[in-house]
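Swiss-Prot lists Ala46, Lys47, Thr48, Gly49, Ser50, Gly51, Lys52, Thr53 with the feature ATP binding site, giving sequence analysis as the kind of evidence. Residues or ranges marked as compositional bias 'Basic and acidic residues' by Swiss-Prot: 406-416. Summarising the annotation, Swiss-Prot assigns domain 'Helicase ATP-binding' to 33-209. Taken from Swiss-Prot, the feature domain 'Helicase C-terminal' covers 242-389, and the record attributes it to sequence analysis. Residues annotated as region 'Disordered' in Swiss-Prot: 406-431. Under the heading motif 'Q motif', Swiss-Prot lists 2-30. According to Swiss-Prot, the motif 'DEAD box' annotation covers 155-158.
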Amino acid sequence: MQDFKSLGLSRWLVESLNAMRITHPTAIQKHCIPEILKGRDCIGGAKTGSGKTIAFAGPMLSQWSDDPSGMFGVVLTPTRELAIQIAEQFTALGSSMNIRVCLVVGGESIVKQALELQKKPHFIIATPGRLAHHILSSGEEVVGGLSRVKYLVLDEADLILTQTFAADLSTCIAKLPPKQKRQTLLFTATITDQVRALQNAPAQDSKPPLFAYEVENVDNVAVPSTLKLEYLLVPEHVKEAYLYQLLTCEDYKDSSVIVFVNRTTAAEVLRRTLRSLEVRVASLHSQMPQSERINSLQRFRANAARVLIATDVAARGLDIPTVELVINYDIPQDPDTFIHRSGRTARAGRSGDAISFVTPRDVSRIEAIEERINKKMDECKKVHDTAVIRKALTKVTKAKRESLMDMEKANFGEKRKTQKKKNLAEKSLRA
């Protein structure tokens, strides 16, 4: 069986991995690490929980340690939470070598980040929007080092290459060395047309050919065999009661659960409702201050909260290994979003369940999802007793009504408007 030393990683890094009890490389690591060390650009496709971060961090850290000075690599990722997670992994792996990692994400002090960038950190882990903001508004003494980096990584590349990030990504890439003078690594759980277009681009004379590797074909990547997919037919007006019954039924009363919703207001209503019903719950959505988002994740990871109500900021790449159940309370419009949500459970060979609440208006979305994953969902039989639903309905309805009143008193809607204005102001600064 191969080990990390045989892949070509530096001895100090192999020792760091061993200290973290990471001794045997996964498929994506075995194939990508040696090729990246040869200087090749790389596209890596593998399901979440398969070790993609070490597949790119390993060779980057190994080569950096040969000449540990200045800005060496930039990792761009679509969400703050994923950026924080990657920064933690770089810091842990490089701790014995006095590595300097700078986290550049929204929700944190721009001034503090600029001061850190000025000190020329070795690795910058960033969301495209915040790094673009620094490039456009900070002086050369802050961002000048970016023009000499050796690596650019796009993690969750399928999302970063969408129109949502296009302008910010262009700003970031324009500041980096040209592609002939840096290595570019793309990692994703979903190989989209945009990613394949890069894979099929003409080779560059001055560089070795691009290396592309998918652990399995895309449909297997999308849905692990250990993931059990079910649907529950639910009338729209009693969704909260069904959710409460499912969370407290015999099968799931002690389980670690992520409940996905499409809107921040729904996340807040459910969090407050379940909390008043004495469910240990936390939430994660874009209207929360960054400190609260981090606190929610820490509580969920530590099992202080067993239920996390989340919008899709949590669906991407987050490593929460113990999640046993994902509930799609609202069905997403994009089937790939469903895949990423469901990928929060059944990670790294573990089993897991994903249950989707289906109202009459969701049927076409479910059909599109089933076509995308080439698999039919089974009907969930765990909550079917109408009498039990009715019994819970009064209690849940009362809790929801009180939650809505509390949100009104707390001016939740006004806070959302203020946050939206703030986000728009930041975008206009980068326009």
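Cβ from N, Cα, C; glycine included.
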Roughly where does the motif 'DEAD box' (155-158) sit in mean pLDDT, to the nearest integer? 91
So for Lys47 (ATP binding site), how many other CB atoms are inside 10 Å of its CB? 22
With helix taken as DSSP H, G or I, strand as E or B and everything else coil, how many residues of the motif 'DEAD box' (155-158) land in each class? 2 helix, 1 strand, 1 coil
Using the structure shown, find which entry in Gly49, Gly51 (the binding-site residues) has the sparsest Cβ neighbourhood within 10 Å. Gly51
Could you find out if DSSP has Ser50 (ATP binding site) as helix, strand or coil? coil
Under 8 Å by Cβ from Lys52 (ATP binding site), same chain, sequence gap 6 or more: Ile28, Gly44, Ala46, Asp155, Phe187
Would you mind splitting the domain 'Helicase C-terminal' (242-389) into helix, strand and coil residue counts from DSSP? 61 helix, 25 strand, 62 coil
